[in-house]
Amino acid sequence: MDTRFPFSPAEVSKVRVVQFGILSPDEIRQMSVIHVEHSETTEKGKPKVGGLSDTRLGTIDRKVKCETCMANMAECPGHFGYLELAKPMYHVGFMKTVLSIMRCVCFNCSKILADEEEHKFKQAMKIKNPKNRLKKILDACKNKTKCDGGDDIDDVQSHSTDEPVKKSRGGCGAQQPKLTIEGMKMIAEYKIQRKKNDEPDQLPEPAERKQTLGADRVLSVLKRISDADCQLLGFNPKFARPDWMILEVLPIPPPPVRPSVMMDATSRSEDDLTHQLAMIIRHNENLKRQEKNGAPAHIISEFTQLLQFHIATYFDNELPGQPRATQKSGRPIKSICSRLKAKEGRIRGNLMGKRVDFSARTVITPDPTINIDELGVPWSIALNLTYPETVTPYNIERLKELVDYGPHPPPGKTGAKYIIRDDGQRLDLRYLKKSSDQHLELGYKVERHLQDGDFVLFNRQPSLHKMSIMGHRIRIMPYSTFRLNLSVTSPYNADFDGDEMNMHVPQSFETRAEVLELMMVPKCIVSPQANRPVMGIVQDTLLGCRKITKRDTFIEKDVFMNTLMWWEDFDGKVPAPAILKPRPLWTGKQVFNLIIPKQINLLRYSAWHADTETGFITPGDTQVRIERGELLAGTLCKKTLGTSNGSLVHVIWEEVGPDAARKFLGHTQWLVNYWLLQNGFTIGIGDTIADSSTMEKINETISNAKTAVKDLIRQFQGKELDPEPGRTMRDTFENRVNQVLNKARDDAGSSAQKSLAETNNLKAMVTAGSKGSFINISQMTACVGQQNVEGKRIPFGFDGRTLPHFTKDDYGPESRGFVENSYLRGLTPQEFFFHAMGGREGLIDTAVKTSETGYIQRRLVKAMEDIMVKYDGTVRNSLGDVIQFLYGEDGMDAVWIESQKLDSLKMKKSEFDRTFKYEIDDENWNPTYLSDEHLEDLKGIRELRDVFDAEYSKLETDRFQLGTEIATNGDSTWPLPVNIKRHIWNAQKTFKIDLRKISDMHPVEIVDAVDKLQERLLVVPGDDALSVEAQKNATLFFNILLRSTLASKRVLEEYKLSREAFEWVIGEIESRFLQSLVAPGEMIGCVAAQSIGEPATQMTLNTFHYAGVSAKNVTLGVPRLREIINVAKRIKTPSLSVYLTPEASKSKEGAKTVQCALEYTTLRSVTQATEVWYDPDPMSTIIEEDFEFVRSYYEMPDEDVSPDKISPWLLRIELNREMMVDKKLSMADIAEKINLEFDDDLTCIFNDDNAQKLILRIRIMNDEGPKGELQDESAEDDVFLKKIESNMLTEMALRGIPDINKVFIKQVRKSRFDEEGGFKTSEEWMLDTEGVNLLAVMCHEDVDPKRTTSNHLIEIIEVLGIEAVRRALLDELRVVISFDGSYVNYRHLAILCDTMTYRGHLMAITRHGINRNDTGPLMRCSFEETVDILLDAAAYAETDCLRGVTENIMLGQLAPIGTGDCELYLNDEMLKNAIELQLPSYMDGLEFGMTPARSPVSGTPYHEGMMSPNYLLSPNMRLSPMSDAQFSPYVGGMAFSPSSSPGYSPSSPGYSPTSPGYSPTSPGYSPTSPGYSPTSPTYSPSSPGYSPTSPAYSPTSPSYSPTSPSYSPTSPSYSPTSPSYSPTSPSYSPTSPSYSPTSPAYSPTSPAYSPTSPAYSPTSPSYSPTSPSYSPTSPSYSPTSPSYSPTSPSYSPTSPAYSPTSPGYSPTSPSYSPTSPSYGPTSPSYNPQSAKYSPSIAYSPSNARLSPASPYSPTSPNYSPTSPSYSPTSPSYSPSSPTYSPSSPYSSGASPDYSPSAGYSPTLPGYSPSSTGQYTPHEGDKKDKTGKKDASKDDKGNP
């Protein structure tokens, strides 16, 4: 905070827009404070004047003040200097931009080269984005070689003949050089034009000349560009002219930016930037000197280059092709660029993420005895962190105590560290000596230590999802670690092996409210990621739950009673035991009956439930049945208590609420842990030992496996193995061995598992689900199994072995890493080694994966961080682009979604009819579920039948739509909001529905109710066509579920709901549906990114070829995810899934035909061998094998081939028969292809398809006739033939589609919806390909183009377009994520897909995608390419409107997200019901401030006269709509805090000088009371009517009749000296207590209660109901309270009736009743702004500390009765005069708004109205006393 401005509690105004630009040389000079001339920093130990550490630039030394702003080191921000460069220099960041501009304009006259009429130029003008526009213009200009328009004069004649002369560009005709950049130079190349008549020989010298362009030359070109041209080029001449991109003046950053470090007492070590600047200054001086001395050009250019180099490296020291500037040590200097860049740079390291105060970090330890939303905090932390609490009447006592304890409270207590006064002064309680300094007033802030129950944020890095930061309530505990409940570890992903976690203490009410409402642990139990809970019962508690709920668990009385003690809600009633004789015993299930909430119904199965067991209660007790909160049957295990979808925790959270779920998790732990403690559980080595028979079985299994492997090896070596499709023989062998060995391990394991007894402790843990799995048991007991590296068996490391002592090429199990021992038996050394290899790979994988997924997550978050739900329900980003019209297409929040079953989908037609259709036409139809009269209606009334027919046909169309459009895969469970089935079950239980009785509902009612309900379930309100359509789409799926579940026949027949139960269900569905809608302001982009990124961290990095997944290998896991979101051009395993037409897909043969047609077959793939022979006689041959077929071929030659033309060289190709058959090729086909390809250049003969060997013989045909030159030719022929051979093998396609390298056939199950029988599944054949060529494949006639798809996104967008690619993207993401069994809710994936596709092209989630958006430069630069983006932003003068998250975080503002997205308004209606605040008398200790003796002017009678009602009772102040802080129940004591009482805010309309409330003529001065009229003598301070001795206060007030005994002037309470009379007591004004915490009104002896105040008389005019004197804050205004009767003798101020216990305080006092007039709508007292922080006095340039309420303070001189402000004749009081009359001695000094305290001249620094300790009369008082006080000072004339 800058000390030059007075303290202000007001909020700092928000930055609305950030404008980027380039500083012009003039601006740099103007904003600088000095011209830096010297490169030295210090001289004789002092900063050198004019040097780099000049004190005018700002100070970095605590002892030195800044010369410019006179602030100290902490406050001075630093001031820039500047350096005049000897020559202009290039700015390295703008080189490329300057080059582009130079290429666009004429080198000579700076006009744009392109013609404005040109088409390209016009295109460019349409582009808004300046950077792209420049690119386009450059495009238009790049071919121009000269500046058009100059030569027009020469060709004037030609124009006359042409069409009218084109408007000349006015160019200069100069030839344009070709510009390039080399390093730091710009180079211009001129092409020298030869004149036509020149002889070519005459110019021997080169026809080009190069010249280096200095920045000065470029600058002169850029300076000439006109402003209009700048705009055309996309620059903004106001903020960034092109010529400013060249440095003429270098700004010198102040020392605070480049601080130096003290090495020892004398020497300082300077920052890199300082060194670099010193170099620049030095070289600049050198250059200047050389120019002055007139050095030769080449020397000057060398010096220029050197300076240019230093300036460049000062900006960016990582330039490509430039040497690094280094320090003496050889370390490269850190340039400005590298300060901004990267993770630790300014943007990401200091703006996006900073270190914060009020945080703590320590190790975590478990504590199952605290609640899940609690956090044990060490005392050492609690006594160090603070929370600022504002002093209010309610907490002042407590805070006083804390302040007394101070920073080092006694053991077991917390204290406070600081007091912050209302003027911003901070008192450190460590150093406060006097107790008077600790004095608290309302409105002060106390920074108190943390207390039990404070809310904090708790976090564990890496914060991968929303639940990594949650809110906890703290509980201070001994020792030094955070204590955490065990159930909360899963969302944090924490364990207690030394993890540390961070705690942050929120520092304001708003933050605490958000923590409490949005982030508390119970609110986070259900996560939107997979719409399931993320917390459940874990570890020993889970094990205990399994053990305690077993059937044979009984609990003794003593244990059960002790267990009850852990139950918080225990009411002393012990539940009845299950067994009474021989002694009372309780079952373990009864413990759960205590803690499951009563409205819960649940039906689930245990993890080990076998489908064969059926019935209500299964033999294995595996069916968990909870009804009405009672566990009736079933053993609880991880499936019920864990984090699965629909688990008990989930149901409790959804049905009863977060708090119930919290209690359940807590109670389960406490009760079960206590029982487990009594019961005990242990596990030892004995639990892993299997019995001897099992061991024999295991050994047998393993030896069998070994035999099988030996067998495989024999087959493999004998080449007898059949290769599997798509695999080589070796792959096949490895795969088979792996299968055999894995099966052996599993079999051994399962036999071991079966042998373990029910009592086995290891098994207990596995079945409960608390630790371990089936595979762990089998590895411990039976056999560890095969060790893999990279998904294969351990490879041969060297020389055909894995380890040296195995034989060569040993493929046996032992040698290749099969561990046959169990952990129990121990591993042999080589087994141990292989096991270590496998384990090491896992570690490496994890380490590599972490960084990969971390980067993916960061990119996802940056791409989607600004996507949120707006108030119209649409999903948009910060630019306002619509990403989705409804979140997840249905507008539901993922948290409230559950998986529900669509019953009608799987039903056969007959079942469907039985469930939904009334058989009305059947004669004998006599249903048991309808009452007789309803049945008559159904049979008799025609209209009713139409209703039911309509219902039935709707259900039928629903079912058809589900089967054909929605759930095409036949899956009947879908995530939908509102679990209807469970609501029905709850209703049956709540309303005690008897399933044997008939329902009293008429079926028509049900149909109507459901129809009406559907109309009420609005997601998109509005009745225009679009809204209606959108609403229909959004709710279609849910309505289908609703209609089929609440079909009238089902309600009557299945659920038997009574009318009231049915209505309850309907109501419940409606309210739950609306609750499930997503909240506007929700940042779903971030949630989506986290929901995708978090499962990615759990994925495996390299996915191996899983044994038997499929023949084709697909990339999965992280690499595939990376490919998808990077939109990779070349993916690792491109592949098509080709579906065939029904005919082709029926049989394998059909599929085989298509496979052959698609697979790209080259000659090579069917060739066995090729040979080149010299075979001189074409008609015969020297190869015996071929002799026969050649002769027979030429016996009947096809065409006339002259043998002499045939080359003697022969290419002989032997084809592979199997492949030919497989590919369905014939010899003739191949020969035909060859002839087509090579025409008559080759001759080709082949043998029969059935011959033993298939041979092709190919020879070259030579055109030359006779073999005259035989020798030479044949030499070339064989070479040529070899070339042809290789070409043929690779290039020649025999058939198939290019790029489709392999095609595999596989059989898949296909489910198809069938009207009659529900879903039918059938097998069909389909093809998988390696390689992609979607377009060509889809053209094949047997391929089904609708289903065929590719995994290559770019191909899909090219072939099928953007909508198709969105769907493909979704499916691909689905595949990757669900591959290892994860599930992510659809809406998150949808947000990602829509983000990537909504622009109409695929936006990769990389810097090339995200940063090419039109978001603000600040947001883009926080991702990647920081410096480039900022430089571009400056060059093109971009603006950032700060609409995103990142930008606001950088500026430290509240981003428009979540709660920051809306404005808050006050509900005036609610205020009428606010509760009045009765202040207790807590002020005794502060009375000293009040005694008249201490009040400097209290003795004068006039002073007492000041009580005159004109001042106190006039309702004027209440007219101010803003001035109601007076009433808010809160403010009672805050009145002294400038931040609390808007009533005084200078901007309050009530204070405007013209406000009628202040003009004495204002009717507000109740006309019935002459005492208020300005002409009334009562105004004159000497008026006897007001003199304290006057018997009557106001002639019109009957209750003042002088005869009233208690008013008699002799009444003791009247004595003017009575302290209780101290006129300064503001309690006389109806606004009273709210204004003065020090008011005696709070002390029991206070006169505030004395009847002398007219305000107490019930008949007093000031009581009129509109009169504010009903101040709710005044404790004693109840007119009917007995103690107020005017005649009541108990009025003496000392009367006990005033003690705070006085009945007057009783809340039943009518003044609390809402009918009390003070609650009337006219009562301004409840105003929105009440306790808010109104800026009130804060702006006054004068003494900041005087709170606006000060006029009441007894010590304040304002009260001096001589002050003219009280006399109507005072000029400053004249009613017509605005209060700011120039004669007002003070107002001149302050701007009108500030006047309330203008009177307090700034020389009153220590004056605090209530602290008499510091009070000294200053000039201010003297003026007051002399009567020159300005009216505007006191409330009356207050502006």
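Each Cβ is built from the backbone N, Cα and C atoms, and glycine gets one as well.
Taken straight from Swiss-Prot:
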DNA_BIND  326-397  DNA-binding region
BINDING   Cys66, Cys69, Cys76, His79  Zn(2+) 1 binding site
BINDING   Cys106, Cys109, Cys147, Cys172  Zn(2+) 2 binding site
BINDING   Asp495, Asp497, Asp499  Mg(2+) binding site
COMPBIAS  1538-1726  compositional bias 'Low complexity'
COMPBIAS  1727-1745  compositional bias 'Polar residues'
COMPBIAS  1747-1798  compositional bias 'Low complexity'
REGION    785-795  region 'Alpha-amanitin binding'
REGION    1544-1813  region 'C-terminal domain (CTD)'
REPEAT    1551-1557  repeat '2'
REPEAT    1586-1592  repeat '7'
REPEAT    1635-1641  repeat '14'
REPEAT    1656-1662  repeat '17'
REPEAT    1670-1676  repeat '19'
REPEAT    1705-1711  repeat '24'
REPEAT    1712-1718  repeat '25'
REPEAT    1726-1732  repeat '27'
REPEAT    1752-1758  repeat '30'
REPEAT    1766-1772  repeat '32'
REPEAT    1773-1779  repeat '33'
REPEAT    1807-1813  repeat '37'
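Of all the binding-site residues in the list Cys109, Asp495, Asp497, Asp499, the shortest Cα-Cα distance to His79 (Zn(2+) 1 binding site) is found for Cys109. Each of the binding-site residues Asp495, Asp497, Asp499 was scored by the number of other CB atoms within 10 Å of its CB, and the largest score is that of Asp499. DSSP gives Cys69 (Zn(2+) 1 binding site) a coil state; it is part of no helix or strand.
In this structure, the binding-site residues under consideration are Cys66, Cys106, Cys109, Cys147, and the one with the smallest number of other Cβ atoms within 10 Å of its Cβ is Cys109. For the region 'C-terminal domain (CTD)' (1544-1813), the model's pLDDT averages out at 38. Among the listed binding-site residues, namely Cys69, Cys76, Cys172, the Cβ with the most fellow Cβ atoms inside 10 Å is that of Cys76. For the recorded Zn(2+) 1 site, residues Cys66, Cys69, Cys76, His79 set the reference point as the centre of their Cβ atoms, and the other residues of that chain within 8 Å of it by Cβ are Arg56, Leu57, Gly58, Thr59, Glu67, Thr68, Met70, Ala71, Glu75, Pro77, Gly78, Pro254.
The record gives Asp495, Asp497, Asp499 for Mg(2+). Within 8 Å of the mean position of their Cβ atoms, the other Cβ atoms in that chain belong to Ile364, Ala494, Phe496, Gly498.
Between the CA atoms of Cys69 (Zn(2+) 1 binding site) and Cys109 (Zn(2+) 2 binding site) there is a gap of 46 Å, rounded to the nearest whole number. Distance between Cα atoms for Asp497 (Mg(2+) binding site) and Cys76 (Zn(2+) 1 binding site): 47 Å, as a whole number. With Cys172 (Zn(2+) 2 binding site) as the anchor, the candidate binding-site residues are Cys76, Asp495, Asp499, and the one with the nearest CA is Cys76. Distance between Cα atoms for Asp495 (Mg(2+) binding site) and Cys76 (Zn(2+) 1 binding site): 46 Å, as a whole number. Taken through DSSP, the region 'Alpha-amanitin binding' (785-795) splits into 0 helix, 6 strand, 5 coil. Counting every protein chain shown, the Cβ of His79 (Zn(2+) 1 binding site) has 22 other Cβ atoms within 10 Å. Summarised by DSSP class, the composition of the DNA-binding region (326-397) is 17 helix, 20 strand, 35 coil. A gap of 69 Å separates the Cα atoms of Asp499 (Mg(2+) binding site) and Cys109 (Zn(2+) 2 binding site).
Taking CA atoms as the reference points, Cys109 (Zn(2+) 2 binding site) and Cys76 (Zn(2+) 1 binding site) are 47 Å apart. In this structure the alpha carbons, written CA, of Cys76 (Zn(2+) 1 binding site) and Cys147 (Zn(2+) 2 binding site) are 53 Å apart.
Here the CA atom of Cys147 (Zn(2+) 2 binding site) lies 55 Å from the CA atom of Cys66 (Zn(2+) 1 binding site).
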